[in-house]
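Novice: Summarising the annotation, Swiss-Prot assigns transmembrane segment to 33-53, 77-98, 113-133, 178-198, 226-246, 288-308, 320-340, 347-367. The heme b b562 binding site annotation in Swiss-Prot covers His83, His182. Annotated heme b b566 binding site per Swiss-Prot: His97, His196, in sequence order, evidence recorded as similarity to another entry. The annotation ubiquinone binding site is assigned in Swiss-Prot to His201.
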Amino acid sequence: MTNIRKSHPLVKIINSSFIDLPAPSNISSWWNFGSLLGICLMLQILTGLFLAMHYTSDTATAFNSVTHICRDVNYGWVLRYLHANGASMFFICLYLHVGRGLYYGSYMYTETWNIGVILLFAVMATAFMGYVLPWGQMSFWGATVITNLLSAIPYIGTDLVEWIWGGFSVDKATLTRFFAFHFLLPFIISAMVMVHLLFLHETGSNNPTGIPSNMDMIPFHPYYTIKDILGLLLMITALLVLVLFSPDMLGDPDNYMPANPLNTPPHIKPEWYFLFAYAILRSIPNKLGGVLALVLSILILIIIPLLHTSKQRSMTFRPLSQCLFWLLVADLLTLTWIGGQPVEHPYVIIGQIASILYFSIIIMFMPLASLAENHLLKW
C-alpha cells in the first residue's frame, strides 16, 4: 500500500513542501526567518481575530473598547500586547529576511523576489492601518499625516485623499474602512505567501555559497524542521519577554491619550519599523519629492536583480561588497534613529546625508564594487 503522505491529494502537497522537500545541506540560520515569518503571520491573524471580537470601529468607542479589552476581557491585555509586539517581531524577521536575500543573492530568483517585495508593501500597509485602530493621539495624527501625503500627487491628489478619508478629514468613515482593510489584508497576504512559496519551490533554495547545490541535498524533515523549531523557541521567548516585562517599550506614550483633532502632538512619528522611510521622506524639503523618495526607498528592491553586476551570486567571497552591505545596514540604523528625532539641526543634515548614501550605495557603489571584484579576479 502506498504511503498516504505520498498519495493523498492534499497531504502530498504538504509533503512536497515541508517534509520530503530537497533542501541544500549547508543553509545557515539566516534561512530560518521564512518559517518565523509564517509563524508571525499566523500569530497575528489569531490574536487579531480575538481582538476583533471585542473591538468597535467607531470614533466614539474605539479607544474605550481597547481599554475594555485590556481591563475586562480575560487575558485581553496578553492578546493586545502579543498583537502589538508581534507586529514588531514580524518586521524584525522581515528586515532580516530581506537582508539575507540581499547578502546571498537570493534576488536572482526574480519571481520569488518580486512577490516578496509586494508582500513587504502589503505588510507595511496592514501595519499602518492597524496602528490607526486604537484611536489614540498618534493613531489619529499618523493617519492624517501619512494619508495627506497622497495630496502631493498632481491634479488628482486632493480628490484621492478625500476619497480615502470618506470625508474632509480623518473621521468615523476612515476608521471603519481601515478596520475592514486591516482585517482583510492578512488573508490576502496568506494567499500571496502561498504564491511566494510556489515560486521558491520551482527553483529550490539558494545557499550561503551561491553555488547550485543540486548534487548535495537533504530532506527538509527532520533536519530543517528541528532547526526551525529552535528558531521559533528563541523568537517566542523574545516576544514573551517583551510582552510580559515591557509591553509598551516600542509603543508611543501619546497613543494612551484619546484622539483629539484640535491638539497636535509635538512630534508626530510612526512606529519604529517605519522610521527609516519616514526619515527619507522628511529629508527632502519638497512634498512630492519626499513622497517619491519614500515609495522608492522600498520599491528600489524591485530593480536590485538588474543592478547585479558580479560574476558571483553571493557576497560570501566578495569583501568589497560585504563592506558596502554592512555600511548600508549602518546607514539604515542611522535613518531609523533620525526618524525618531525632531526636525532640527543637526538631525536634518544627518538625515539628508544618510538618505543620499542609502540610494547611492544601492544604485552606484554596490554595482561598481562588483565590477571591481570581477576585475581583481580577472573575470
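Glycine too: its Cβ is placed from the backbone N, Cα and C atoms.
Keep in mind the model is a prediction, meaning the values are calculated, not measured.
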Novice: So, taking each listed stretch (113-133, 226-246, 320-340) in turn and counting its Cβ pairs to the transmembrane segment (178-198) that are under 8 angstroms, which one gives the highest count?
Specialist: 113-133
Novice: Sequence gap of 6 or more, Cβ distance under 8 Å, 3 or more pairs: do the transmembrane segment (288-308) and the transmembrane segment (113-133) meet that?
Specialist: yes
Novice: Please list, in sequence order, the residues in the chain of His182 (heme b b562 binding site) that are at least six apart in sequence and whose C-beta is under 8 Å away from its C-beta.
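Specialist: Long-range Cβ contacts: Gly48, Thr126, Met129, Gly130, Leu133.
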Novice: Where among the binding-site residues His83, His97, His196, His201 do you find the Cβ with the fewest other Cβ atoms within 10 Å?
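Specialist: Looking at the binding-site residues His83, His97, His196, His201, the Cβ with the fewest others within 10 Å is that of His201.
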Novice: Using a Cβ cut-off under 8 Å, which residues of the same chain at least 6 positions beyond either end of the transmembrane segment (226-246) come close to it?
Specialist: 29, 32-33, 35-36, 39-40, 78, 81-82, 85-86, 88-89, 93
Novice: Can you name the far-off residues of the same chain, 6+ from the ends of the transmembrane segment (33-53), with a Cβ under 8 Å from a Cβ of it?
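Specialist: Sequence-remote neighbours of the transmembrane segment (33-53) are 69, 79-80, 82-83, 86-87, 89-90, 93-94, 96-97, 100, 130, 182-183, 186-187, 189-190, 193, 228, 231-232, 235.
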Novice: Cα-Cα separation of His196 (heme b b566 binding site) and His83 (heme b b562 binding site), in Å?
Specialist: 24
